[in-house]
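Features reported for this protein in Swiss-Prot:
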COMPBIAS  1-20  compositional bias 'Polar residues'
COMPBIAS  36-56  compositional bias 'Polar residues'
COMPBIAS  72-102  compositional bias 'Low complexity'
DOMAIN    110-186  domain 'RRM'
REGION    1-117  region 'Disordered'
SITE      Arg111  site 'Interaction with RNA'
SITE      Phe119  site 'Interaction with RNA'
SITE      Arg120  site 'Interaction with RNA'
SITE      Asn144  site 'Interaction with RNA'
SITE      Lys149  site 'Interaction with RNA'
SITE      Phe153  site 'Interaction with RNA'
SITE      Arg177  site 'Interaction with RNA'
SITE      Arg187  site 'Interaction with RNA'
Amino acid sequence: MEKNKMVSQGNQEPTATPDTMVQPFAAIPFPPPPQNGLSTDYGSQHTQEYATQSTEHGIPLYGGGQSHAEHSTPATSTANASSTTDGSQTEGQQSQTQNSENSESKPTPKRLHVSNIPFRFRDPDLRQMFGQFGKILDVEIIFNERGSKGFGFVTFETSADADRAREKLHSTVVEGRKIEVNNATARVMTNKKSVTPYGNGWKLSPVVGAVYGPELYAAAPGLQADVSLATEAGVPLPGPRGVNTYIPLIIPGFPYPTAAAAATTAAAFRGAHLRGRGRTVYGAVRAVPPTAIPTYPGVLYQDGFYGTELYGGYAAYRYTQPATAATAATAAAAAAAAYSDGYGRVYTADPYHALAPATSYGVGAVASLYRGGYSRFAPY
């Protein structure tokens, strides 16, 4: 019995269950990085008491199973983030593709030019004639002060409808008129080159140029000594021998005043009493008799209207009466035989002056013609 007691008292501790036993293959945790200046040996003594992990490096403090789970979590999140990014990129590409398709599929308006349409046509008539081929954005018929000019423009929403209307309606007969339908094009303004009548490219005559630069045209005699020697001048021109020649800033053949007159002219142009009118230079130009200038046509007026005969007397200019008229009757007869119209043209006996108007074209006949077959409001 004592033996039984001894056996029963041999081990009084409860039998350890498998759950409470330590796992034989537990992974050795890595020591955390030093924090707050503490060594790694101190931090590794209490590994099992703290269930936290380092926020800086993400190294777990537990065994291998938990570490694998925690490592797999950021990988999964990274995969999700990458898939989300790919999805957003795909959506962006799809939206861009849709935008490009919308821009490509957007209809392009097209404008047609319709000519030789009936003159009574108005915008609703033209819209009704072309509206069967598609949506019309604008219709315009060109008018002037006398009515329709017989042509207009039709703008379709799409170019396909415009092309179909042009193919169907071109060269069709509407109210006896064969209409023409073509694509409207922008009017091209031709650049007409102005032909300069001067040999060296000058466009201002010396008289007009003297108003802008009196010192230039009122040059001193020393500058006019020899035109051909002034090679350090201003404008190169192709010479007769194929080389560039130079002309000076003065114009050959122009009647320049003297040096004193040039100074007087420049001072007069700067004065306030003339108010910008170049009377001095113009008077100097008029004082010189006109000479033939082949290079500058039209510089000096050689017409008699600007000569001294204009100021020779009103009666001598307007009327050409005989000087030997003794009586008033003789003077009247001479004036009737030769008279003027005020512009220097002298008329004598004209055989056409004796013609009488034809009887068939009287006032009544002309009025009936006007009221019958002719209307001044016809467009053409």
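Including glycine, each Cβ sits where the backbone N, Cα and C put it.
There are 15 other Cβ atoms within 10 Å of the Cβ belonging to Arg177 (site 'Interaction with RNA'). Residue with the densest Cβ environment among the recorded sites Arg120, Lys149: Lys149, by other Cβ atoms within 10 Å.
Residues in the domain 'RRM' (110-186) partition by DSSP class (helix H, G, I; strand E, B; coil) as 22 helix, 33 strand, 22 coil. When the C-alpha distances from Phe119 (site 'Interaction with RNA') to the recorded sites Asn144, Lys149, Phe153 are tabulated, the minimum falls on Lys149. Around the Cβ of Phe119 (site 'Interaction with RNA'), a 10 Å sphere holds 15 further Cβ atoms from the protein chains shown. Cβ neighbour density within 10 Å is lowest for Asn144 among the recorded sites Arg111, Asn144.
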